[in-house]
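What follows is a set of notes on a single structure, which appears directly below.
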Amino acid sequence: MSSAITGWEHPDPLQRADDGLNCHHDGQGGKKARQAGSSSSSQPTYSVLDVPPWYLCILLGIQHFLTALGGLVAVPLILAKDLCLQHDPLTQSYLISTIFFVSGLCTLLQVFLGVRLPILQGGTFAFVAPSLAMLSLPAWKCPEWTFNASLVNTSSPEFTEEWQKRIRELQGAIMVASCVQMLVGFSGLIGFLMRFIGPLTIAPTISLVALPLFDSAGSNAGVHWGIAAVTIFLIVLFSQYLKNVAVPVPVCGGKKCHTSKFYLFQVFPVLLALCLSWLLCFVLTVTNALPTAPTAYGHLARTDTKGNVLSQAPWFRFPYPGQWGLPTISLAGVFGIIAGVISSMVESVGDYYACARLVGAPPPPRHAVNRGIGIEGLGCLLAGAWGTGNGTTSYSENVGALGITRVGSRMVMVAAGCLLLAMGVFGKIGAAFATIPTPVIGGMFLVMFGVITAVGISNLQYVDMNSSRNLFIFGFSIYCGLAIPSWVNNNAEKLQTGILQLDQVIQVLLTTGMFVGGFLGFFLDNTIPEGGSSGIQCNSQSFRVHQKRAHLHLPRSRGSWRPGSAS
């Protein structure tokens, strides 16, 4: 899921780069034939099988890490309040470090055993909505005293048990749901499912991943709207207005030195905006321009409210499975996370094709896609075991970064995975990100969630939106995805069947907007007779071609594991 705002266009889940013709629809729903040899498919500097110099692998690996940083950090920070951790930044830093570590491990698995393309794995927003829905159940709502910083003793056994039992519940649900994803991937069911999933299913599903999070974004930004506005301004400035401005960088090779152009603002808009906003908060804190009273408006914009986290965090901390205790399982949590798994799988399939196109490789065959989805399921299983409170998925923004760097080597992504592993073990790194002032996070969320919503809606470019059928399906699906969860949250007692477990399953599913909207879009798109193009035909056709791609096969011998092997 897109978690950083960069200057590239989002790789659409339905856009395919076949050797023959791409299916593309104009505004009237008519199919256009477009040759695959477009500008986006031009040969990269380094292809999938090439091995760049070691120093270039490290530098580009760092770039991929920084590109994914927004999403990796955002997921634990969103979940913190509902896990009763809003006043425990040290534990938040542990969650950030854990998600770094697991993301690195899953990236290496995907590159070597999965789809075998340079795709980075990280936390997924598709799991956030069902996780929040599960944690909103009466049994998992945080006690009132956890919202009062003066009453929270982060080292007390009582407080530790409060947040750990919630994350253990998430762990169990994620681990069971991940088994479903592995089954779908390794059995080849994903190919069958994609024949029925079109843009009118994908658009409301992805849009409703972000739309219900407006309250989280607004409450964080509302801590100090001035700081949040500065953060938003900087992200927009860097990602939109300055994206084509090149910064001269001195480069020395041999006996000669010269300057090279680097599109700094296009590659790191979110990171630059966070750092500058963070610096502004620090200056306002040092000069006491921000209030010192804990109850005053804007106090949480100060950088010293979480200052002890860096000193308390260990230099090195090795995350391990079961670090929060033995996972627990409930039907409500499992069904909710399965809804997130389906959304994640659909987007990942699109990322595989977009990645292959950008690195100049042929589209992945069915067995490679099946393997990729299966390995993502394994990654979610590992994320659940380690206790990230989230799963893993392919990162679209890193796929887009491949188009900027024109370096598609798998070894670069191996370097990024190793860097993520190292960052997960280095405890001070996670602690540093846990000290980001709250309004800075809110400003980042407002832009990030807006882009995710737009990415979902952009799938409609492959649909005839002059058709009343398609207009009805999309509008009805997305509106119900907002209205039904809102009503259920306020009237949960009216849905009681007398069976507690069934009540919880119904409540979690009906309060997960992307499930409601995605299900309605799927059902209506596959049952209402077509009056215009729905995009499903192009989607299913593109999935059935290109079955023989040697560079995406698993290695058959030890020798074929060498970098640059074509097997």
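Glycine is no exception: its Cβ is also placed from the backbone N, Cα and C atoms.
Because TrEMBL annotations are produced automatically, they should be read as predictions rather than curated entries.
Annotation comment: TrEMBL describes 19-29 as compositional bias 'Basic and acidic residues'.
Annotated compositional bias 'Polar residues' per TrEMBL: 36-45, in sequence order.
According to TrEMBL, the feature region 'Disordered' maps to 19-45.
Annotation comment: TrEMBL describes 53-80 (among others) as transmembrane segment.
Look at TrEMBL and you will find 92-113 (among others) tagged as transmembrane segment.
What TrEMBL records for 173-202 (among others) is transmembrane segment. Remote same-chain residues near the transmembrane segment (173-202) are listed as 13-14, 127, 134, 327, 329-330, 333-334, 336-338, 340-341, 344-347, 349, 366, 369-381, 383-385, 390-391, 456, 459-460, 462-463, 470, 473-474, 477, 518, 521-522, 524-526, 534-536, 539-540, 543-544 (criterion: CB distance under 8 Å, separation of at least six residues from the stretch ends).
Annotation source TrEMBL lists transmembrane segment at 222-242 (among others). Residues 5-7, 265-266, 268-270, 272-274, 276-277, 280-281, 290, 297-298, 300-301, 437-440, 442-444, 446-447 of the same chain, all 6+ positions outside the transmembrane segment (222-242), place their C-beta atoms under 8 angstroms from a C-beta of that stretch.
The feature transmembrane segment is assigned by TrEMBL to 263-286 (among others).
Under the heading transmembrane segment, TrEMBL lists 324-342 (among others). Residues of the same chain lying 6 or more positions beyond the ends of the transmembrane segment (324-342) and with a Cβ under 8 Å from any Cβ of it are 124, 126-131, 133-134, 137, 164-165, 167-178, 180-181, 205, 377, 380, 384-385, 387, 391, 501, 504-505, 507-509, 512, 514-515, 518.
Taken from TrEMBL, the feature transmembrane segment applies to 412-434 (among others).
The feature transmembrane segment is assigned by TrEMBL to 440-459 (among others).
The annotation transmembrane segment is assigned in TrEMBL to 471-488 (among others). Counting same-chain residues at least six beyond the ends of the transmembrane segment (471-488), those with a Cβ under 8 angstroms from any Cβ of the stretch are 133, 200, 203-204, 207-208, 211-212, 460, 463, 465, 495, 507, 510-514, 516-518, 520-521, 524-525, 528.
Nonlocal intrachain contacts for the transmembrane segment (504-524), taken as residues 6+ away from its ends with a CB within less than 8 angstroms of a stretch CB, comprise 126, 129-130, 133-134, 136-137, 139, 196-197, 200-209, 211-212, 330-333, 335-336, 339-340, 342-343, 472-474, 476-478, 480-482, 484-485, 488-489, 492, 495, 497. The feature transmembrane segment is assigned by TrEMBL to 504-524 (among others).
When the stretches 92-113, 263-286, 412-434, 440-459 are ranked by Cβ pairs under 8 Å to the transmembrane segment (53-80), first place goes to 412-434. The stretch in closest packing with the transmembrane segment (92-113), judged by the count of Cβ pairs under 8 Å and taken from 263-286, 412-434, 440-459, is 412-434. Beyond the ends of the transmembrane segment (412-434), by six or more residues, the same chain brings 46, 52, 56-58, 60-62, 64-65, 73, 77, 89-90, 92-105, 107-108, 111, 118-120, 306, 309-310, 312-319, 398 to within a C-beta distance below 8 angstroms of the stretch.
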